[in-house]
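Residues annotated as transmembrane segment in TrEMBL: 20-40, 61-84, 90-113, 125-153, 173-193, 205-228. Look at TrEMBL and you will find 269-307 tagged as region 'Disordered'. The feature compositional bias 'Acidic residues' is assigned by TrEMBL to 278-290. Per TrEMBL, compositional bias 'Polar residues' is recorded for 292-306.
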Amino acid sequence: MSKFIPSDSFSELTKFLQFNGLELGIIMSLSLLSIVYGALRCNILAIKIKYDEYEVKVKPLAYVCIFLWRSFEIATRVIVLVLFTSVLKIWVVAVILVNFFSFFLYPWILFWCSGSPFPENIEKALTRVGTTIVLCFLTLLYAGINMFCWSAVQLKIDSPDLISKSQNWYRLLIYYMMRFVENSVLLLLWYFFKTDIYMYVCAPLLILQLLIAYCTGILFMLVFYQFFHPCKKLFSSSVSESFRSFLRCVCWSCVRRKSSEPVVSVDTDFKSSTDQDQGQDEDEAQDQDQDVTPSTSRLSPETTEMWSAVDLYSA
């Protein structure tokens, strides 16, 4: 490039790119901070809506945990999507559509499976069509948020408040497990199809850093729910208790599998040994019967004549 561009213009071009890159970095950082701040405020608002009957006091450390949780989660998700888009521009549309429609249809599927009547008490002035449009826009917002981070408000269409006030740890666990697997697959596809633009980037190290950053966000989330949630005393079970019960179930299933295999072999060996013992006992019993009551066919002619004479004398 320097062969075709004069040295003065080349230096000006590099300065221009550096300046624009600095501006772009500042704009991206401010955008990320604004999104994280919005997610933090949504978290606090969702907690106050869920527990409106109680006095909610959020500690400063809770704000710090939520901020770090959302920062790592949203930043890593955006970077993963940007890297995947840079190498597979067409397939990213399929990824976005699958994510979007999955979260858009999920509240409606739960509503249809529950068999509840259609909600009509959202606004008295709204007709059935207006209520449907409002719910569709609400689920659109819900799906758009869940594409990048865990939504602070879980929709429940059959509820009058349209918000699920129960803390479902298993849904949270499934969401983050699926999101971690999806990020890993997208990063692996980026690694296999990356172009020469990333020749100066250590791809394995970048993938490891992104996955560790996502796990760090999950760690801050668990710390928030375990120690700094303002209404943690109202939970039916804490994060540690749910984790312990999950480990117990896994360990119990593993132990049961291991213990079931030798028990079957022992049972079969015991049955075969008992069958053999029964066969030997029957053979010994038959031998003893033969020894005690010998058959007349084995008697000699002299003994038969003697017994007949005795019988005649006694008669």
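Here the Cβ of each residue, glycine as well, is placed from N, Cα and C on the backbone.
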Problem set entry | Criterion met for the transmembrane segment (205-228) and the transmembrane segment (20-40) (at least three Cβ pairs under 8 Å) | no
Exercise. Under a Cβ pair cut-off of under 8 Å, which of the recorded stretches 20-40, 90-113, 173-193 contacts the transmembrane segment (61-84) most often?
Worked result: 20-40
